[in-house]
Every structure is written in C-alpha cells, then in structure tokens.
Amino acid sequence: MASMEKRLQKELQAMTKDPPPGVQVDQESCSRVMNEWIVDLEGATGTLYEAEKFQLQFKFGSKYPFDSPQVTFLGPNIPIHPHVYSNGHICLSILTEDWSPALSVQSVCLSIVSMLSSCTEKKRPPDNAIYVKTCSKNPKKTRWWYHDDTV
Amino acid sequence: MAEGDISFDPNRNYDDETLSLQREIEKEIAENQELIGPMQPIEELIEHYAKEDQIYRHKLMDLRKRHSHIRKVRGDGNCFFRGFGFAYLESLLTDEAEFARFKDIAVKSKDNLVALGYSQFTIEDFHDTFMDVVGQVEKKVSVDELQNVFNDQGISDYFVVYLRLIVSGHLQKESDFYSSFIEGGRTAKEFCSQEVEPMGKESDHIHIIALATALGTCVLVEYMDRSGEICNQLVFPEEGARPAVHLLYRPGHYDIVYSLTSD
C-alpha cells in the first residue's frame, strides 16, 4: 500500500521541521531506504543521561502505521535503563500492544526521551541476561509484560 | 501424559510460536468473513445454532419480532466501530437533514483533536480519508458501493481509526463526566491510549456512549447472551432520539441488524 510511503514522507517533514528537543533524524539514513531510519538522541539536561548520545533505529513494515514500527537502540552506547536490554530492545507498551496509528515517530521519540528522563537509577532489566540470549531479533516478536509504568 | 506435565525447551521460541498461531487465526477469520458482509434474513442465523440450543434459538425468535435482517461484521476487535460506521452512513444515504448535521460535526472534529494535542499531520491523514468516505455518502452512492468502500481494508481501517480518535477526543474532553466509568484507576488519557486508540481493542458501553454522544446520534444494541429469556435492548445514550444504528451483541462481538419498521 502506498499509504505507508506517503505517511513516512509526512513524518520525515514533521521531524525535520519540528523535532522534539534533543532528537534529530539522520537524513542520510532515510534517503538510502525510506523504511529504515536512524534517529540521534541526546539525554535531557538535569537527568541521569545528560549529554549522553544515543542512536535509535526505526524499521517500518508495509502495514505501517497500522503496525507499530520496530524500534531499538543501536550502536556503541545503549542506555543503561531498567526497560532497555543490552541488545538495544526496549520494553515500552506503545511499541506493541498500545500502539495506535495516530502515534508517530515523533511521539515514540518523546516517549523514549521521557522514559529515560524519569529514570532514578541506572541499571539493566533484572532478566537481561536470559532475555538477550533467548529473544528473537525483532523485539516486536516478544510478548512483553509491562510491569511498571512508573520507572 | 499426566495433566500439568509442562516442559520448557529453552531452544524453542515460544513467543514466535504464539504470535504465528495468532496470525493464522486472524487469517482464517479474514478468509471466512468480509469486513462488512451482505444483508441476510435473520432466519439464516437461526440455522447456525443447534436444535438443542434452546436459549439462543428462543432469543433469535424474539429478535425476529423486531428485526428482519442481519449484516455480519468481521470479528477483528474493530467490529463495533466498523459496524457502527457502515450502518450509520447507510442510514445517512436516505436522510439528508441528518447528513448535513453529521457532516458539520465531522468537518469540525479535526480541529477539536488538534486542540487536544494530537499531531496535525497524523490527524489530517485520517481525517482526509474519513471525509472522502463521507463524501461518498454525499454523492449518494448505492448501498453496495458503500459496502465495497468498507470492504477495502485500507480505507475501512482509516475510517475506523478516525472513529476511535473521535471517541478518544470526546472522552478526554469530557473526562470529568467519564472518569467514574473508567476501570482500574486510570486517567481518561491512559484509558484512551490503552483501550480506545489502538486498533483491535474491543468496545464496551463507554465507547458506544462516547461515540453516539460525540456525533449527536443514538445507537440501539440488542444483547443476546445465555442469561434470561429474551434479548435485552439498551439505547445509548439513554435519553437519545430514534436510534440511527441497530446492533446485535453476542459475547465479544457486534453485528448490524435492521429493524422491521424503519426500512
């Protein structure tokens, strides 16, 4: 369906024109393949991740925006956070169960920034070791348990 | 093998298996039921229930006193929204005054949502398609053509998303009123992002009341379950006018029904 490409074009425009604070799309990545983006992220001031730089990878399937994008942290610096696994997978309900087509790359980035900002202790999820060993490459194939929204 | 003899194989990916099974079930449903099915006499439904199933057969005979036809809707968690959408637009094909009133609300609804903080371009995307479908009604297409529009998954799902957004917007705007009906101590916003906006999330009374109220219309639901002798009829909102849409509810699912008198 062409609606996916049309939608991604609009999203890219919005992200370029009006990016959330500390968030920047890697334009070069989107010009290579439209359905795979790299987004640069910087930890917000006054939080545990202040001035740290991270990279997110977005992969969009043909059913986007009806299916959620596949979103993972990438590269050398994976934030140490109770909802982020060391392989970059993120446990965030809007990326699977609570995804809605009215959400966007922008709103996903905002949720991830706010998830990092509200963190009070840098640590990995308790099941990190076993999860990273047994999980599928695609985090959307994990049936997550969203146990704690307050972290 | 003894019951409860559960083994765990660490080399198997259980999540993968569960998800692929889920996909298979969804595919099977999609192959057997159109998004919006054809109109059928209620009698045909009676044949689906075994002779021994006296409760349902009895209730269908009761339903038959008020409704002549049924139009089945695919059971994909969006059946209330899709069924309502089709039945309401179908009724508007023959009611110009009501159409004009509805169109006015539909046009203005976008600004309400943007004012609530939804991003303009996602809302616009869905609103444009929504208004395209509304435009079909204005052109007075035939019922069959309207059915084709609703069976085009791309358009149909966009329409459903927008109806979900209307409900979400209404619940958040009127959160003082609705908060006491929201379960689990959630805020209206949390409830909307978990139970209203995601596709495939099933609808409850609160969704129906919110949609009917937001559009200023009225919905009648015939409840058919295993308790009692006859179908219970509920009208949403309670003090509403003549219902524009009639739905049949069987546990977990809504279909469209047509009343004997109105057509």
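In case you wondered, yes, glycine gets a Cβ from its N, Cα and C as well.
Whatever TrEMBL says is automated annotation, not expert-curated.
If you look up TrEMBL, you'll see B:68-260 marked as domain 'OTU'. Here TrEMBL flags B:Asp76, B:His253 as active site. Taken from TrEMBL, the feature active site, nucleophile applies to B:Cys79. Taken from TrEMBL, the feature site 'Interacts with free ubiquitin' applies to B:Ile209, B:Tyr223, B:Asp225, B:Tyr249, B:Tyr254.
Confidence for the domain 'OTU' (B:68-260), expressed as mean pLDDT, is 94.
Within the same chain, the residues at least 6 positions away from B:Asp225 (site 'Interacts with free ubiquitin') whose Cβ sits under 8 Å from its Cβ are B:Arg250, B:Pro251, listed in sequence order.
With a 10 A radius on its CB, B:Tyr254 (site 'Interacts with free ubiquitin') counts 25 other CB atoms from all the protein chains.
Summarising the environment of B:Tyr249 (site 'Interacts with free ubiquitin'), the number of other Cβ atoms within 10 Å of its Cβ, over all protein chains shown, is 21.
A gap of 19 Å separates the Cα atoms of B:Tyr223 (site 'Interacts with free ubiquitin') and B:Asp76 (active site). Within the set of recorded positions (B:Cys79, B:Ile209), the lowest number of other Cβ atoms found within 10 Å of a Cβ is recorded at B:Ile209. If you measure from the Cα atom of B:Cys79 (active site, nucleophile) to that of B:Tyr254 (site 'Interacts with free ubiquitin'), you get 6 Å. Looking at B:Asp76 (active site) and B:His253 (active site), their Cα atoms lie 9 Å from each other.
B:Asp76 (active site) is surrounded by 18 other CB atoms, counting those within 10 A of its CB over all protein chains shown. Here the C-alpha separation of B:Tyr254 (site 'Interacts with free ubiquitin') and B:Ile209 (site 'Interacts with free ubiquitin') works out to 15 Å. If you measure from the Cα atom of B:His253 (active site) to that of B:Ile209 (site 'Interacts with free ubiquitin'), you get 17 Å.
The 10 Å shell around the Cβ of B:Tyr223 (site 'Interacts with free ubiquitin') contains 17 further Cβ atoms across the protein chains shown. According to DSSP, B:Tyr249 (site 'Interacts with free ubiquitin') is assigned to a strand segment.
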